[in-house]
Amino acid sequence: MDRTPRLRSNGPLWSWIRDRVRLVGSAALGGGVLAVLGVVVLLLVTPSGLAVVSTQAFSLGALCFGFGLLGWSGSVLAGSSVENAQRYLDTGTNWSEDDSRRAMARIGGFGFGGMVGVIAVSSILWV
Amino acid sequence: MASKWFVVKRLLLLVPVLLGVATLVFAVLHISPGDPARVMAGQRASQEQVEMVRQEIGLSDPIWVQYGRFLADTAQLKLGESYVLRPNQSVASILKNSIPTTIELAVYGQLIGILLGLPLGVISAIKQDSITDHITRIGALTGISVPIFWSGPIVIILFSVTLGIFPTNGRIAQQYFLSDTWLFFGHELPRTGLITLDTLLLARYDAFVSAVRHLVLPASVIGFYSMALISRMMRSSMLEVVRQDYIRTARAKGQGERITFLKHGLKNAFIPVITVIGIQFGTLLGGAVLTETVFGIEGIGMILVDAIDVGDYPVVQGTVLVFALLFTLVNLGVDITYSYLDPRIQQ
C-alpha cells in the first residue's frame with residue numbers, strides 16, 4: 001500500500017513542498033548573494049562605515065521581505081475580491097490570485113535572503 | 001454559516017499581514033532620511049547628547065537587533081511612547097482615543113456608499129443604455145476619478161462657506177460638553193468614542209444633530225468615492241445575473257419584473273459586490289487620512305499625518321499597524337458574510 005503523505009487534492013505532499021521551497025529558496029539565494037556583494041562593494045566604493053551600509057542594505061532587504069509577505073497574505077486574503085472586481089469592471093489585466101501569490105513569494109524570499117545575507121556578511125566583517 | 005476552519009484560517013492570516021506591515025514600516029522608517037535620536041534630543045542638543053539618546057533607545061545596536069526587538073515589542077502590543085507629538089504619552093493611549101473617530105467616519109462613509117451605490121447600480125442595470133444609466137455611469141466615473149484632497153475643499157467652500165449649511169470642521173459644536181460616562185440601568189458605563197452613538201446614549205439630541213451635521217460633509221466625500229465603485233460593480237454584476245437561465249425561467253413563469261429582479265437577481269448579484277465592499281473599507285481608511293486632515297477631525301489619519309510631519313516614529317508605526325489590523329478584521333467580517341451568502345466559498 002502506498003503510504004506517501006498526500007494533499008486533499010490527492011497530489012503527493014513532497015512534490016508540493018519541494019515546488020514551494022524551490023520557488024522561495026532560489027529567490028532567497030539570489031537575494032543573499034546580491035546582499036553580500038552589495039555590502040562589500042558599497043564598503044569599498046563609498047566612504048560609509050559598516051554600520052551605515054549594513055543598515056541601508058538590511059532595510060532594503062526588509063522592504064522587499066515586508067512587501068512580499070504583505071502582498072502574499074493580501075493576495076490570499078483579498079484575492080477573490082480583486083479577481084471579482086477585475087472581472088466586473090472589465091479591466092482586462094488578467095491578474096490572478098495564483099500568479100500574485102507566486103510573484104509575492106519570490107519577492108518576499110528575495111528580501112529574506114537579502115536580510116540573512118547582510119547579517120552574515122556584517123557579522124563576519126564586524127569582528 | 002462560515003465553518004470554524006474557514007474563520008481560523010482567516011484569523012491565522014492576520015500573522016503574516018501584521019508581520020509584513022511591521023517589517024515594511026520598519027524598513028521605510030530606516031531608509032527615509034531623518035534621525036529619531038536628533039528629534040528626541042531636540043535641534044539644539046549637542047552631538048554627545050544625541051549619542052546618549054541613541055544609546056538609550058537602542059539605535060546604536062546593529063539593525064537586525066533593532067528589528068528583532070521591534071518585532072518582539074509589537075507582538076506584545078508594546079507600541080512605545082510618543083517622542084514629539086505628545087511626549088511621554090503611550091502610543092496605545094493616543095490611538096485609543098482616536099480609533100473610534102476614524103471608525104465612525106469610515107462606517108458612515110461606507111453606509112453612504114452602500115445606500116447610494118446599490119440602488120443606483122440596480123437602476124442602471126434595469127434601465128441599461130437609457131439616460132438614467134448614462135447619468136449614473138458618468139456619476140460613478142466622476143466619483144472614482146475625483147481625488148478627496150480636491151473634493152473636500154470644494155464641498156467646504158460650497159456647503160460651508162458659501163451656503164452656510166454645514167460646519168467646516170470638527171466633530172461637534174464647541175458649546176456641547178459631553179460627560180465621560182452614561183447610565184445604563186443605574187450602572188455608569190464609559191463613552192464609546194463614537195460621537196453620534198454617545199450623544200444618543202446620553203439622550204443629548206441637540207448634540208446628536210450637531211454631530212450629524214459635522215459628519216455629513218466628510219462622510220459624503222469618502223462615501224461618494226465608495227458609492228461610485230459599488231454602483232459600477234452592482235451594475236455589471238446585475239447585468240450578468242439577469243442573463244442567467246433561472247431569471248429567464250422566472251419570467252417565463254409569468255413572474256413580474258420587479259419580483260424577478262429583487263427576489264432572484266439582487267441576492268446573487270450582491271455576492272461579488274460584497275467582496276469589493278471589504279476592499280473598499282481599506283480605501284476608506286486611506287481616504288480618512290486625507291478627509292480628517294481636510295476637515296480637521298482628530299482621528300488616527302490626522303495623527304498619522306502629524307506624526308510623519310514631526311518624525312515621531314513610534315506613533316507612525318503604531319498607526320499603520322492599527323490601520324492594517326482594522327482592514328484585516330473588516331475583511332474577515334466580509335469573508336464570513338460572503339461565505340454565508342455563497343456556501344460554495346467554504347469548499
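Even glycines carry a Cβ here, placed using N, Cα and C.
TrEMBL labels come from automatic prediction, so no person has curated them.
Of the listed segments B:5-26, B:269-290, TrEMBL assigns transmembrane segment to B:269-290. Across the candidate stretches B:105-126, B:138-166, B:320-341, the maximum count of CB pairs under 8 A to the transmembrane segment (B:211-230) is reached by B:105-126.
By number of Cβ pairs under 8 Å, the transmembrane segment (B:105-126) is matched best by B:269-290 from the list B:138-166, B:269-290, B:320-341.
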